[in-house]
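> This is the structure, below, for whatever I ask next.
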Amino acid sequence: MNDRPIGLFDSSLGGLTVYKEVKKILPNESYIYFGDTGRSPYGSRPESELKIFVKQIIQFMQKNEAKAIIIACNTVTALGLEQLSKEYRIPLIGVSRVPELTASTTRNKRVGVIGTEITVRSGLHKQAILHIDPAIQVFYKACPQFTPILNSGDLAGKEARDAVEEYLTPLKAERIDTLVLGCTAFPFLLPVIRDFMGEGVTIIDPAAETAMQLFRCLKQAGRLHKAENPTNKLLFSEPDIEKIRLIASKIINVDDCRFQYYDMSQGSDHI
């Protein structure tokens, strides 16, 4: 059972930022990653439709014997991780909102959170942060164009810079000193975001803490494994795999990964 793979999924390539952090901590495990690039972005879709997608993906991971699944998507986590955990008999790890780190980082108690429209509407980050420190002011901004920019592969061009300026100018005006990346896709734009916000703003990426959650979960359950020949299968619901591989290479080592096109709505159960 311990040699079974770890599953991860996201609406696009953003979850690869979590995959990268997990690989640092658990380099000898095998992985199955599914990026739903063909149906991305998730943030503007109806919740009823997203629940169908999530059901397809989790059942797919179960049929491929995943021993745990990281939901590397803030939008899906915002739909309700607790309810999903009740429906499926497999450990599900959602993207960490790291409220403790956020509360301890801010100096002026003015925090910005950026994410998809669903993540912003959920208000989960604000609830978690205020539970730690009610004096903190939390300012949200939905950034619907960030994920399409990521999928295009042009991560530092004019479109990316214009979108960052459009979305982050209101948060800059609120004089925030801490910015939480509420979507796993957004670290791809980190250089542009950091350049716009300036050195006075601390940027928090939940990926590393999410990886630690998985490590603690597997260790407690006695499911850690050091595979002699681990496999890394990266699946995407978009036929242009070479384009996907090129974008992915900007954040992870792709040399030990097998990239594959997979249509979740039409594909077979096993890979």
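Even glycines carry a Cβ here, placed using N, Cα and C.
Quick paste of what TrEMBL says about this protein:
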type     : residues                                 : note
BINDING  : ASP10, SER11, TYR42, GLY43, ASN74, THR75 : substrate binding site
ACT_SITE : CYS73                                    : active site, proton donor/acceptor
ACT_SITE : CYS183                                   : active site, proton donor/acceptor
> Going by DSSP, give the three-state secondary structure for ASN74 (substrate binding site).
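It is helical.
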> If you measure SER11 (substrate binding site) to CYS183 (active site, proton donor/acceptor) at Cα, how many Å is it?
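Cα to Cα, SER11 (substrate binding site) and CYS183 (active site, proton donor/acceptor) are separated by 10 Å.
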> What is the set of residues, excluding ASP10, SER11, TYR42, GLY43, ASN74, THR75, whose C-beta falls within 8 angstroms of the centroid of the C-beta atoms at the substrate site?
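Once ASP10, SER11, TYR42, GLY43, ASN74, THR75 are set aside, the remaining close residues are SER12, GLY14, SER40, PRO41, CYS73, VAL76, THR116, ILE118, THR119, THR147, CYS183, THR184, ALA185.
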> For TYR42 (substrate binding site), which residues of its chain lie six or more apart in sequence with Cβ-Cβ distance below 8 Å?
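Sequence-distant Cβ neighbours: SER11, ASP36, LEU50, PHE53, CYS73, THR75, VAL76, THR116, ILE118.
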> Can you see whether DSSP assigns GLY43 (substrate binding site) to helix, strand or coil?
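In three-state terms, GLY43 (substrate binding site) counts as coil.
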> Using DSSP with the three-state reduction, classify ASP10 (substrate binding site) as helix, strand or coil.
strand
> Would you give the longest CA-CA distance, in whole angstrom, between residues of ASP10, SER11, TYR42, GLY43, ASN74, THR75, the set recorded as binding substrate?
11
> Between GLY43 (substrate binding site) and CYS183 (active site, proton donor/acceptor), what is the CA-CA distance rounded to a whole number of Å?
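Each residue's Cα considered, GLY43 (substrate binding site) and CYS183 (active site, proton donor/acceptor) end up 10 Å apart.
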> Far apart in sequence but close in space: which same-chain residues, 6 or more away, have a Cβ under 8 Å from CYS183 (active site, proton donor/acceptor)?
GLY14, GLY43, CYS73, ASN74, THR75, ILE114, GLY115, THR116, THR119, CYS143, PHE146, THR147
